[in-house]
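Novice: Below you will find the structure I want to go over with you.
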Amino acid sequence: QMANSSSIPHFLLLPLASTRQLQLLHFCLFLAIYLAALLGNGLIISTIASDYHLHTPMYFFLLNLALLDLGAISTTVPKSMDNSLRNTRDISYAGCAAQVFLFVFFLSAEFSLLTIMSYDRYVAICRPLHYETLLGSRVCVHLAAAAWGICFFYALLHTANTFSLPLCQGNVVDQFFCEIPQILKLSCSTSYLRELWLIVVSIILVFVCFVFIVVPYVQIFRVVLRIPSQQGRHKAFATCLPHLAVVSLSFSTGIFAYMKPPSNFSPSWILVLSVLYSVVPPAVNPLIYSLRNQELKAAL
């Protein structure tokens, strides 16, 4: 019997632990990571907003990235912590749809913003005399607004497409949060091909973002290596390396998690991978950006 998706009142998420002691341990671990992410990103947002020395394009985009990181970790972690504490696996149909929408939105907006940030570094190092004209305050606001706006509609399209499919393979999601590939597994309709096309388009878009990050950095390194003074080279690298580290972390964990051959991994390994790409980057990003950044340290 085919169950329509609207007749499923709730979904069952994958529990992160089997025993009560491990559930409480998981709750404490996630709480520590969540508080670290709130503190780190909150400090970056408040510092950049309150210090006029940091009202530059680079820090404006960094503030946006911190906002996206806060949104991304708040989409998955609090619900998982709540379930561990209450010893349940439930998430409502609306809650699941909201998680899918928000996760796709924050993840795609983060990729877009990392691409814009590489353009910012390229202009700052390769075309410093044109920096004010190419990246004025209005241009920065328009770029950030475009990233947020386009990704909002992109996430809306994905969510509407996924939840319009009839679901007849039960309501057990093989993940600790609602995610498109896991919801698709519950579908019994051939129209999942529509969503497959969207995923192919997504992979192409991620690849385009990757190219638009790599190409400016090739130019940046060519220019930086020609700088005669060691201090100048060090300063240029200091502003680029944190961004490159965040890009590497986001792309590698995300791509590895989505391209993995499912048969080769046990459910526990899949859980570890999903925590790596959905929970770790938002908590670690503030640390990566503030460690080598003297201006941000001074302002903090």
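Cβ atoms are placed via backbone N, Cα and C, with glycine included.
TrEMBL does not curate its annotations; it predicts them automatically.
The feature transmembrane segment is assigned by TrEMBL to 24-46, 58-77, 97-119, 139-157, 196-215, 236-257, 269-291. If you look up TrEMBL, you'll see 40-289 marked as domain 'G-protein coupled receptors family 1 profile'.
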Novice: Counting Cβ pairs under 8 Å that sit 6 or more residues apart, are there three or more between the transmembrane segment (139-157) and the transmembrane segment (58-77)?
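Specialist: Counting Cβ pairs under 8 Å (6 or more apart in sequence), the transmembrane segment (139-157) reaches the transmembrane segment (58-77), since there are 3 or more.
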Novice: Looking only at residues six or more beyond either end of the transmembrane segment (97-119), which have a C-beta under 8 A from one in the stretch?
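Specialist: Residues 58, 61-62, 64-65, 68-69, 71-72, 75-76, 79, 91, 143-144, 147-148, 150-152, 154-156, 158-159, 162-163, 177-180, 183, 202, 205-206, 209, 212-213, 216-217, 243, 246-247, 250, 254, 278.
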Novice: Going along the chain, which residues at least six beyond the ends of the transmembrane segment (58-77) come within the CB cut-off of under 8 Å?
Specialist: 30, 33-34, 37-38, 41-42, 44-45, 48-49, 99, 102-103, 105-107, 109-110, 113-114, 116-117, 120-121, 124, 137, 140, 144, 147-148, 176-177, 239, 246, 278-279, 281-283, 285-286, 289, 296
Novice: Let me spell it out: take the transmembrane segment (24-46), skip the flanking residues so only those 6+ beyond its ends count, and list any with a Cβ under 8 Å from a Cβ in it.
Specialist: 16-17, 62-63, 66-67, 69-70, 73, 77-78, 80-81, 84-85, 279-280, 282-283, 285-287, 289-290, 296, 300
